[in-house]
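S.K.: Have a look at this one.
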Amino acid sequence: RLQMVWVFIMNRMSSQSSSSTQRRRMALGIVILLLVDVIWVASSELTSYVFTKYNKPFFSTFAKTSMFVLYLLGFIIWKPWRQQCTRGFRGRHAAFFADAEGYFAACTTDNTVNSSLSEPLYVPVKFHDLPTEKNGSNNSDAEKTPKKPRVRFSNIMEIRQLPSSHALEAKLSRMSYPTVKEQESILKTVGKLTATQVAKISFFFCFVWFLANFSYQEALSDTQVAIVNILSSTSGLFTLILAAVFPSNSGDRFTLSKLLAVILSIGGVVLVNLSGSEKSAGKDTIGSLWSLVGAMLYAVYIVMIKRKIDREDKLDIPMFFGFVGLFNLLLLWPGFFLLHYTGFEAFEFPSKLIWMCIVINGLIGTVLSEFLWLW
């Protein structure tokens, strides 16, 4: 009874400590979200100011998105990233990974993607021969004593295998703490997608991200910040709908409380922005359409990246954004020639002041804010 009481007390203490940790994480997340909101609003105002002197949405979007490439400096600063690209890492720890992969043989069925165990495999059991009993007096003594009943085992054993992707984690969980500490550099990369896999994911997200931001920048150049912010806030409604249609976990289901929260959020943005809005003779209709397109694309981006993070929690976010900036820099520069010769946006270099505003807006309003938002 004392043991049961002690176990109950320990379980309560551990649950309370875990709940307090969750509350601290929740509080930290709310503070980060508030910081991101402040950065986004300031970034919108700075962008609107830049467009009064340098109305080039494509150039602004291209410059700020390309700054994500700064995250790739992690390959110089962060050791686990470098180890993914060096042969020394493979050579030094090849035996470790080979041993881990051999810990569980690779399953030949495709069912291991959906279930943790493979189909049963029946293998004959090889029993060791029992030592022969000695003749003589020993036999006579054995006959006097009653024989103990023996357990008869089946001659066939059933084997189920874990997928090889769990081999390394299974091996590490059975290692002693000092041994695991020796492999700390490997532990930092355990469960993380390789640089090649992250680059493939970033390649597809690059275009969605750029189009969403370009639509928002184009809307700011065509209409007031108040109208743009009102229509951009509808991305929460589009995100709610898309997440319910394409859920990545049980928390994405549609609820009335979520709908009410989104409506209150949009209503608050409407009240705040309309109170300071002014009538203008600008292209408000075109800007409104750009805002709605940007809101929908941003909702698509949010749902896609959330599905990747929920299903593949091994995605390295800084590396992901670094490759997004790299692909943006390498693949989207022909847009300058296309827009220049079609007359949609004539190419010209900005002044030093505008350059400084774009760089500051890109570093803080794009690079830092997006990382904080995903964190």
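Placed from the backbone N, Cα and C atoms, the Cβ positions cover glycine too.
TrEMBL annotations: computationally assigned, not manually curated.
Given the structure is predicted, the values throughout are model-derived calculations rather than measurements.
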S.K.: Select from 32-55, 224-247 the stretch of residues annotated by TrEMBL as transmembrane segment.
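M.R.: Residues 224-247 are the ones TrEMBL records as transmembrane segment.
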S.K.: Output the single range from 60-78, 193-212, 288-305 maximising the number of Cβ pairs under 8 Å to the transmembrane segment (317-341).
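M.R.: It is 60-78 that shares the most Cβ pairs under 8 Å with the transmembrane segment (317-341).
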S.K.: Counting only residues 6 or more past its boundaries, what in the same chain has a CB within less than 8 Å of a CB in the transmembrane segment (60-78)?
M.R.: 47, 50-51, 54, 85, 209-210, 213-214, 217, 318-319, 321-326, 328-329, 332-333, 335-336, 358-359, 361-363, 365-367, 370-371
S.K.: Taking a Cβ cut-off under 8 Å, which residues six or more beyond the ends of the transmembrane segment (288-305) line up next to it in the same chain?
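M.R.: Cβ under 8 Å, 6 or more out: 205, 208-209, 211-216, 218-219, 222-223, 227-228, 230-236, 238-239, 241-243, 246, 248, 374.
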